[in-house]
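As recorded in TrEMBL:
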type: ACT_SITE; residues: Glu115; note: active site, proton donor
type: ACT_SITE; residues: Asp256; note: active site
type: ACT_SITE; residues: Glu349; note: active site, proton donor
type: ACT_SITE; residues: Glu370; note: active site
type: COMPBIAS; residues: 516-539; note: compositional bias 'Basic and acidic residues'
type: REGION; residues: 511-552; note: region 'Disordered'
type: SIGNAL; residues: 1-24; note: signal peptide
Amino acid sequence: AVLHCLGSLLCLWALRLPAGPGAAARGLDVASYRERVRAMFYHAYEHYLESAFPYDELRPLTCDGQDTWGSFSLTLIDALDTLLILGNVSEFQRVVNVLQEGVDFDIDVNASVFETNIRVVGGLLSAHLLSRKAGVEVEAGWPCSGPLLRMAEEAARKLLPAFQTPTGMPYGTVNLLHGVNPGETPVTCTAGIGTFIVEFATLSHLTGDPVFEDVARKALKALWKNRSDIGLVGNHIDVITAKWVAQDAGIGAGVDSYFEYLVKGAILLQDKELMSMFLEYNKAIKNYTKFDDWYLWVQMYKGTVSMPVFQSLEAYWPGLQSLIGDVDNAMRTFLNYYTVWKQFGGLPEFYNIPQGYTVDKREGYPLRPELIESAMYLYRATRDPTLLELGRDAVESIEKISKVDCGFATIKDLRDHRLDNRMESFFLAETIKYLYLLFDPDNFIHNDGSDFDVVVTPYGECVLNAGGYIFNTEAHPIDPAALHCCRKRKEEQWEVEDLMREFYSPKKSKKFTLKRPSDPGEGESAKDPEDAEKAGEKRSSKKSSHSLLSCPSQSFNSKLAVLGQVFLDNT
């Protein structure tokens with residue numbers, strides 16, 4: 001493995017994958033499916049623009065629109081970074097201008113705190129960090145400033161009143177104009193409490209305001225504090241009293257992204273505590289909920305089975321397992337879930353495992369991304385062509401069952417293929433994106449660190465777009481290196497540049513002149529490249545008790561991979 005360090009303790013280990021049979025051996029035309037996914041995106045996107053904008057979502061059966069999560073033109077925000085991943089920089093630039101002119105958060109609307117965060121705040125942060133790559137003329141000080149960052153901050157501040165509870169756990173709904181409504185229910189799902197650290201920590205690091213990360217951490221720790229004696233959390237909790245209202249423990253709906261954000265928060269922030277918390281949960285999950293590579297629902301205090309069902313939202317779990325290096329278990333669980341897909345041409349919301357069939361009134365498939373998401377992560381880790389076959393099956397099923405004249409419709413019942421008049425914004429934000437990335441191995445998102453940009457900020461130079469992107473739970477990619485661009489911790493930055501220069505100088509494939517201050521404590525640039533080199537030599541020769549780039553042994557015994565995945569070090 002080759003070590004690349006692209007930010008503070010962001011140590012990326014290049015996974016050297018053995019050559020395998022690949023897609024060609026199974027006759028899968030990856031490029032053809034990639035272009036079909038692109039066409040699917042534009043069929044949905046263009047009909048949203050024509051028939052639904054500025055409403056949140058498209059109603060594809062009636063070719064009109066509706067507001068669902070707060071009247072933000074949500075599909076436009078959610079689809080923005082997908083545009084760039086598909087290579088459409090001109091439309092990305094146009095939409096950035098449209099959003100700046102048309103989106104207003106100072107409105108009398110009751111909004112989901114969770115959904116507003118993952119879709120709006122996450123979408124705006126991702127688009128902000130990708131703006132320069134998309135050819136947007138960024139303002140001086142970017143990425144520490146910019147219109148999309150200010151919009152994300154404004155939206156996040158509208159959510160802060162929800163966190164003003166005795167426990168620090170937020171209410172589920174907030175009025176964007178008036179704050180938390182009197183009489184608002186204090187019962188919130190676990191995911192609605194523990195799914196903020198990725199967006200809010202990014203916001204704090206870029207803006208310099210710690211309040212966002214602080215409230216997110218407090219909420220995470222409150223859940224951890226209130227876990228049961230056997231190490232499980234329930235489904236819904238009272239944020240005032242910290243009493244569990246729904247005591248079903250599992251990995252699916254109402255809980256899912258809490259576990260996801262412990263792992264992704266740990267990777268993004270290089271936070272040992274968050275990862276150790278997840279690994280403790282993981283032990284309890286394996287002990288009490290795992291049966292034959294399926295995960296059931298159990299009573300959080302006793303561990304007795306309460307629901308022997310698989311929920312489609314649980315299909316993110318194999319991808320999360322791959323992020324901590326548990327690839328073998330991830331593949332076994334993925335294959336279980338894939339058998340359900342093959343049975344129905346999609347994942348029903350609930351699947352009764354003992355009976356091998358759908359659950360009454362939970363037979364629908366709203367074009368969710370989770371199984372495709374896991375396939376993308378696992379394919380990056382294994383190159384197993386079975387994962388591409390899931391992508392192929394998803395394209396074929398969605399096009400055959402869901403495609404209508406005005407877009408793609410939610411499948412109301414997988415048994416008879418009845419449709420519902422809704423196209424959720426996550427179809428363009430997540431489902432299409434993960435499908436495209438599965439079939440596009442050379443996409444910039446998969447950057448292995450061999451290409452990167454050096455940008456100048458008010459705090460010095462920093463490296464961006466080198467890979468290792470962390471997807472929030474709405475599939476909005478966050479560049480972890482950006483979190484180190486807007487703080488006055490320059491010494492680590494110069495060490496990063498020295499390392500990158502040393503590693504890439506033999507290749508001669510790219511020429512970068514990395515000018516630095518002659519003294520890391522001052523903000524002056526070296527006048528001559530040779531002076532900069534000498535300054536770099538002086539810095540690298542200094543001994544310290546703990547090198548910022550030494551990748552010290554971590555309590556959670558893991559290291560990052562270039563692909564944004566974590567692989568256990570078993571040596």
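Cβ coordinates are placed from backbone N, Cα and C, and glycine is handled just like the others.
Whatever TrEMBL says is automated annotation, not expert-curated.
Within its own chain, Asp256 (active site) has Ala191, Leu313, Glu314, Tyr316, Thr473 as residues 6 or more apart in sequence whose C-beta sits under 8 angstroms from its own. You'll find the Cα of Glu115 (active site, proton donor) roughly 16 Å from the Cα of Glu370 (active site).
For the active-site residues Glu115, Glu349, Glu370, the largest tally of other C-beta atoms within 10 A is found at Glu370.
In this structure the alpha carbons, written CA, of Glu370 (active site) and Glu349 (active site, proton donor) are 12 Å apart.
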